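Peer 1: Once you've had a glance at the structure underneath, I'll fire off some questions.
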């Protein structure tokens, strides 16, 4: 009986000591006046993050397709892998922006879908993949404009113009990316023309893994086309 009382007393003392050692913090009373993004704007940014991830997954699928040993178009593969990295970087930048504005305090687990399906995982050739990529970029770019409109004129009739986000989305890094993506249709037309006239040679050069991606392949094809036509 005595031993039982001693053991119970020791457990009681340990429980008290552990309770005293626990850190307790009072709720922080940080002013929240600086958190001023409107819900319609926040929702559009969150949707845009998902669209950037969707585009990244599609470009990864394209890069994987052209990396297959039965396809072996490493110029296209490198181009699309880099495009996937850019889209993923855009999503990360938007997440960082929401964190900076104090908006990612809830619903973080719902920010990105856990299961993202890519409708197409095979493409007939590089021309078809480029055409698909151009459509995707056009859709993502239009969505960015939609985000800007929602933040400049939110649907909650608050009249709040979030000029900071608009400026961020039209800054130098995003502007340069849009300029680069606008060159995709030109590359598509050049390669398609080369493909129509010299398909076998276009296939050969698209196997090469140039640092300048397949644009070097296109320029080489155009040069060879002009050279051979002079004979």
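Cβ coordinates are placed from backbone N, Cα and C, and glycine is handled just like the others.
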Peer 1: Since TrEMBL lists 52, 87, 90 for Fe cation, which candidate among 131, 137, 152 does it give for that site as well?
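Peer 2: TrEMBL lists 52, 87, 90 binding Fe cation, and from 131, 137, 152 it also lists 137.
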Peer 1: Average the pLDDT scores across the domain 'Ferritin-like diiron' (35-195) and report the rounded value.
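Peer 2: Looking only at the domain 'Ferritin-like diiron' (35-195), pLDDT averages out to 82.
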